[in-house]
Structure formats: structure tokens, C-alpha cells
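Q: Got a structure for you, written out below as C-alpha cells; questions coming shortly.
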Amino acid sequence: MVPSGALAQKQEALEPGPDAERKPWRCLVFYLCFYGFMAQLRPGESFITPYLLGPDKNFTLEQVTNEITPVLSYCYLLVLVPVFLLTDYLRYKPVLVLQGLSYVAVWLLLLLGTSVRHMQAMELFYSVTMAARIAYSSYVFSLVHPARYQRMAGYSRAAVLLGVFTSSVLGQLLVTLGRVSFSTLNYISLGLLIFSLVLALFLKRPRRSLFFNRGAPGRSGASPSELDRMNPDAPQGAALLGAWWDWTLVRMLRELGHSLRQPQLRLWSLWWVFNSAAYYLIVYYAHILWNVVHTATVYNGAADAASTLLGAITSFSAGFVKIRWALWAKLVIASVTAVQAGLVFLMYSTNSIWLCYVAFVLFRGAYQFLVPIATFQIASSLSKELCALVFGVNTFLATVLKTIITLIVSDKRGLGLPVHSQFLIYFGYFLVLFVIYLLGAMLVIVQHVQEARRAPPEPGSPAEKAMPMLSTHSSGLSNLQPTAPPQTSPEQHPQPEAKA
């Protein structure tokens, strides 16, 4: 039997102090950010469309527009929910490795594939990489203390944006100045992706996750989660998973139903669904449009780099916007949607590749401006678990809508429209959204003005101070005889107190 004093000394020796904890945390942050940066280095990604349409692959414009690209939306819808659940159940790292393997498969099919079926399989693996992106953003929060969440979010997002920007600039420099062929550029991308896959193999696997592997409340300094508060008698860990599914998830869905009664949560969730669906369709097909407008000199990498930089700037600046969102949110959304509609129409109507590039950059910047605002408005009224569920549902509904539009507009089994006609459809889509948001904003403003008129004046307001004067003047009209001015008492005009 160990004496209590010796046991206390043993525990103190095992528990790391602040100085001992700081060094491993810094190493972990550096490795995570380095991995996030390297995983984005795909310099050939901006030039996939001209590569497919060029002499290397020699696919037709109709095949790329109506047979290959639509598969991405269908496959993403199929893999989104399974990957989302596997990400939490497998505790992130296996899904990050799966993402790395899928990226390698994408570029192997790009380089070695020769048929439309091969390129459709490439889109399948690319949809897996898109669905697995949530693994990185969730993984970084599972390894650090909640007090470091905000700093970790800033570091990881900066690493990803820097990686995307560097990848686009590197690809453009290699193509424009280095005269590197698209095929060689894809071989370079493949080598970088294999290196990022090796980095993923050495990532630390966390012991807990948000839903399936929560662990005991209060462990590692974490506070009890919303799941524990809603179902305190539920077994911990992976035991009796069926009971968790039958009770906790049902209670979360009920809580989500009550939360959707909040007007701001409902508004920004609807914006997320409808705007994100069209936004990603524009991003998917913009590269095809550029190839139609101009095929001689390709500056796709520069456009992607500029849009990434502008998106980072607008996302950062959105944090400094301080207005009454309950009153002006719909008007702000309507204004941004109107700008997006105008930019999509410009991309549809112009024959200048430079105007196309500028419109695309501004379009992405406008969307990225509202994303952090929507994120804050949704997350501010929800717990961590419910917030993750809301974002998951919003993303799934946006994917469903995007798939329906793709099937009707782009797929050869639907209308099979050329890319220019598709952008005209997207312009009409944003125009309808603008009208709906504008009418909603006008209704909110009118209701606010009517409520302000009916509301009694606040104590001490100028309107209330004027009411006694108006009543005095009204009573004086009934008696036109002159009266002596009232005597002023010292109590009516107290002298200001002397300063000490």
C-alpha cells in the first residue's frame, strides 16, 4: 500500500506543468499547420480543365461539361454523410489518410486515364477528398484544450489559405515563366501529394471525438458536452451504441427543431443552403467557361490565387462589421446577392478573359465575406454538438440542391446545356434570390418602423421631455388671459455639486 504523501508526489511527477506542456503543444501545432499547408499544394489543380481539353487527353467540351463534371456533384452527395460519420467514429486520422490516398488516386487517373469512365472515377475520388475536408478542421480541435480553440482555428485556417495561395501561384509561375507542360505539372502535384500522405501517417490519433468517442465528461479539462447534459444516464464510450442512437440523437434532433424557431438561425441556414449550392456550381464550371472564352494564354492559377487572397481579406474584414443583424441581415444578404448576380451575368456576357477573371475573383470574395458572418450567427445560439449538426444538415441540403440543379441543367440526361447557357441560368437563380431577400428586408424595415411608432417613448428621451411642454401649451390655449410667470424654486433648478 502506497502512503498518501508518496502517491501525491507520484501524481505531481506524472502531471506535466505549464512549461512542460507548452513545448509539446507548440510542436503539435507546427506539425498540424505544416501538414495543412502541404496538403493544399496541388499546382496542377487550376489547370485540370485545359489539360483535359488539350492534346494530352483530347476530350471534347461537351464530354467535360455534360458527362465528366456532373459526376462530382452526384458522388459528393453519396459520400458526404458516410464520410462525416466515419470521421467522428474513426477519430479523424484514418479519414485524413483516406483523403491523402484519394488525392493520389485522382492524379494517377488524371495522368494514366484515357476514357470518360476513367475521368468519372477521378471525380468520384475527388468527391471523397472534398467530403474529408471536415476531418482536418475537426481534428485540430480534438487535440488541444478548449482554451486554445480560437488560436488553433486561426493557425489552421491561415495554413490552409497560405497553402492554396502558394499552390496557385506556383502553378501559374511554372506554366507562364517555366513553360512547364500541364502533364509535367500534374506529375509535380502527384509527388507533393504523396509527401503529404506520408505526413498524414505520422499524425497523432486523438482519444476522443465529438459524438461517438466522447470519453468521460471533464477529462482533459473539457466541460460536459450537450450530449451529456441531454442524456446524463447514457453509458459512456462505445458501449450500448444503439441506446445512444435511439435516445441522444433523437433528443438532439428535437433540440435542433426548437432552435430553428429562431429567425436569425433560420435565415442564415437558408442562405447557407441556397447560396452555397450555386456558388460551388459557379466554381466548378468557371474553368470550363474560361477555356471557351479564351484558349491561348491561361492564367487560371493567378485567378485562383487572387480569389483566395481576396476571400481571406473579406473573411477577416467581416469580423469588424458591427450592425444590428436582426434588422439589417436580409438587406445585407440582398446587397451581396445582387452583386453576385451582376458578376455572374458579366461572366456570361463578356468575351474578355480578363473581365471573366475579375468577375470570378470578386464573386468568390463576396461569398467569403458572408461565410464567417453566417457561421457566427448560427454558432452563437447553439452548443458545440448542435452547431456541428446544423452545419452538417445545411451542407447536406446544399449538396442535394446542387445535385438537382446539375441533373436538370448540366447533365446530358437532362437539358445538357452548354456552359454559357448554364451561367445564364445561374444569373436568373441569383436574381430570384435577390428579389426574395429584398422583399424580406423591406418587410422587416417596415415592421420595425411601425413598432417604433407604436412603442412608448423611453424615460428621459427628448419626446418624453417635450410632452409636458405640449400639455402646458394646450392648456394655455383655453385661457387667453395673461398670467404671471411661475415662481422658480430652488428645488426645480438645483445647483451642480461642487467637485471634490
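Glycine residues also receive a Cβ, built from the backbone N, Cα and C atoms like all the rest.
Sharing the features that TrEMBL gives for it:
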REGION    1-20  region 'Disordered'
TRANSMEM  28-48  transmembrane segment
TRANSMEM  68-87  transmembrane segment
TRANSMEM  94-112  transmembrane segment
TRANSMEM  124-146  transmembrane segment
TRANSMEM  158-178  transmembrane segment
TRANSMEM  184-203  transmembrane segment
TRANSMEM  270-290  transmembrane segment
TRANSMEM  302-321  transmembrane segment
TRANSMEM  328-348  transmembrane segment
TRANSMEM  354-374  transmembrane segment
TRANSMEM  386-408  transmembrane segment
TRANSMEM  423-446  transmembrane segment
REGION    455-500  region 'Disordered'
COMPBIAS  471-482  compositional bias 'Polar residues'
Q: Mind checking which residues of the chain, 6+ beyond the ends of the transmembrane segment (28-48), have their Cβ under 8 Å from one of its Cβ atoms?
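A: Distant Cβ neighbours of the transmembrane segment (28-48) are 99-100, 103, 107, 110, 136, 139-140, 143-144, 152, 155-156, 158-160, 162-164, 166-168, 170-172, 174-175, 182, 185-186, 188-189, 192-193, 195-196, 199-200, 202-204, 287, 298, 300-301, 303-304.
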Q: Are there residues at least six beyond either end of the transmembrane segment (328-348) with Cβ under 8 Å to its Cβ atoms? List them, or say none.
A: 264, 267-268, 271, 275, 282, 286, 289, 355-356, 359-360, 362-363, 366-367, 369-370, 373, 377, 420, 423-424, 426-427, 430-431, 433-434, 437-438, 440-441, 444-445
Q: Taking contact to mean 3 or more CB pairs closer than 8 A (sequence separation of 6 or more), are the transmembrane segment (302-321) and the transmembrane segment (158-178) in contact?
A: yes
Q: Against the transmembrane segment (386-408), which of these stretches has the most C-beta pairs under 8 Å: 68-87, 124-146, 158-178, 270-290, 423-446?
A: 270-290
Q: State the residues, same chain only, that lie 6 or more residues beyond the ends of the transmembrane segment (158-178) and have a CB under 8 A from a CB inside it; answer 'none' if no residue qualifies.
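A: Those are 32-34, 36-47, 136, 185, 188, 298-302, 304-305, 308-309, 311-312, in sequence order.
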Q: Do at least three C-beta pairs under 8 angstroms join the transmembrane segment (94-112) to the transmembrane segment (270-290), pairs 6 or more apart in sequence?
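A: The answer is no, given that the two segments have fewer than 3 Cβ pairs within the 8 Å cut-off.
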Q: Mind checking which residues reach the transmembrane segment (68-87)? Cβ under 8 Å, same chain, six or more beyond either end.
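A: Same-chain contacts beyond the flanks: 52, 59, 94-95, 116, 119-120, 123-124, 126-128, 130-132, 134-135, 138, 281, 284-285, 288, 392, 395-396, 399-400, 402-403, 406-407, 410-411.
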Q: Would you mind listing the long-range same-chain contacts of the transmembrane segment (184-203), meaning Cβ under 8 Å and 6+ residues beyond its ends?
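A: For the transmembrane segment (184-203), the nonlocal Cβ contacts are 31-32, 34-35, 38-39, 41-45, 47, 51, 93, 96-97, 99-101, 103-104, 107-108, 110-111, 139, 171, 174-175.
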